[in-house]
Amino acid sequence: GAGEHCYYQGRIRGQPRSFAALSSCQGLRGVFSDGRATYLIEPQAGAEHGQVSGGTATGLPEHPKAALWVCLCPGDSHGDTGTQEGSGAPAGCRCRLSRGFPLQVRRAQHTVHSETKYIELAVVNDHQLFLQLRKSVVLTSNFAKSVVNLADMIYKEQLNTRIVLVAMETWAAEDRIRMGQDSLETLNEFVKYRREGLAEHSDTVHLFSGRTFQSSRSGTAFVGGICSPARAGGVNELGLCPGQYEPRGVSCREAVNECDIPETCTGDSSQCPPNLHKLDGYFCENEQGRCYGGRCKTRDRQCNALWGRSSAERFCYEKLNVEGTERGNCGREGLGWLQCNKQDVLCGFLLCANISGSPRLGELSGEIATTTFYHQNRYVDCRGGHVQLVDGSDLSYVEDGTPCGPGMLCLDRKCLPASAFNFSSCPGSWDGKICFDHGVCSNEGKCICRAEWTGKDCSVYDPIPEPKPTGETERYKGPSGTNIIIGSIAGAVLVAAIVLGGTGWGFK
């Protein structure tokens, strides 16, 4: 949002040829290079809600295949830019290779060229880009700012020039110009809009579009147009994708555990659907556990994750957690310990069998409390330790959502009936059936249907059509998450065509 300080530039420590341009606004996004390979980072699903999230790093193609070509064609006063395979130029056109990747630090002499220069840039995001970014003005603005941040880093390193974002506009309701399939026609419409509809002063204005134009290039601009208020504009296509949509039903994200939901392609988008998990309350692990927060909760699983061992027997919980001592309790009370009510003992202090040493997670406070009982002609081992993470989170107690009896679950160290959790339900669910038995209920309370079923309640049979022979039809080429950013890089470097195109790659 406005005023957020979450855009960064820098280098990898000890790597003088490295660079990084990153944004931590609503997820981690950006580009970095160690001097040998260039990588991009995209936010994970769910990061749009404000939390900073780790992302996926994807290697970008090596130079020169990802190089930027700037071309001037006879009879045209505009320049085209795009990522090209090899150096093939359009017939009769004069093209130059931009040295945007890999970045190299220029050590210029102390001349007028060494003086830092500034380009005031205004950005307009079209309606299609807004739709691609979940119809969120904030996400769209942050995405555009991350592109400008990258362009600024490239210009700072290569040309001692800073790109200053002075204004931004997002067409959330509809496009305010006629958007054709020809990028040059769109450019002409856009510069007209700039003259008549934009009040903010800037050196140049760029349209960031989610459309795919009928061109092999990712952007169009007037060469040297920055010197003319009537021509200082450009159109950047931030959605080129060299691939095709996968058919409906093709797996794009496997389930990571029993409580996760595998995602499949929809057939009309290159984006894998959002990463969802099963609704809280689903049975798991042969009905010994319950799904809660996307994970199967049992005491055995928690002991194994923390200590690499199984849970202690129920007898341990019944004997120790009613004591209200360090070795068995339901939490702290001042400087002492709370006794568990008899019905809550399975939700108190986590007791495991035969544990020793250090926990797999967090730090052990004090020592492991070990108690051995002679019960039913055998010895029963009961052990527990107080473990905390650096943020203060306490891992020493049975987790919320863990079963503590038939139809009962733990919550805040209390054993409560499942009805107290107010688990929501999905359409088409009754008498133990969920989504008409043709799907699973997600944590959003929506049915995720199996491949051949559709509808809000998965009641509509919709078989997947047989694939057509190769070459019979060409599926729409649409934007993928990775290629949106790769396209953004080309769009960001496009400013070079405007500033430098008519001046011999230097400043007057």
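Please read every residue number as a count from 1 along the shown chain.
Placement of Cβ uses the backbone N, Cα and C atoms for every residue, glycine included.
Per TrEMBL, the feature domain 'Peptidase M12B' maps to 117-235.
Residue counts of the domain 'EGF-like' (422-459) by helix, strand and coil are 3 helix, 11 strand, 24 coil (DSSP-based). According to TrEMBL, the feature domain 'EGF-like' maps to 422-459.
Taken from TrEMBL, the feature disulfide bond applies to Cys449-Cys458. In the shown protein chains, 22 other C-beta atoms lie within 10 A of the C-beta of Cys449 (disulfide bond).
The annotation transmembrane segment is assigned in TrEMBL to 484-507.
Around the Cβ of Cys458 (disulfide bond), a 10 Å sphere holds 26 further Cβ atoms from the protein chains shown.
Computed over the domain 'EGF-like' (422-459), the whole-number mean pLDDT of the model equals 88.
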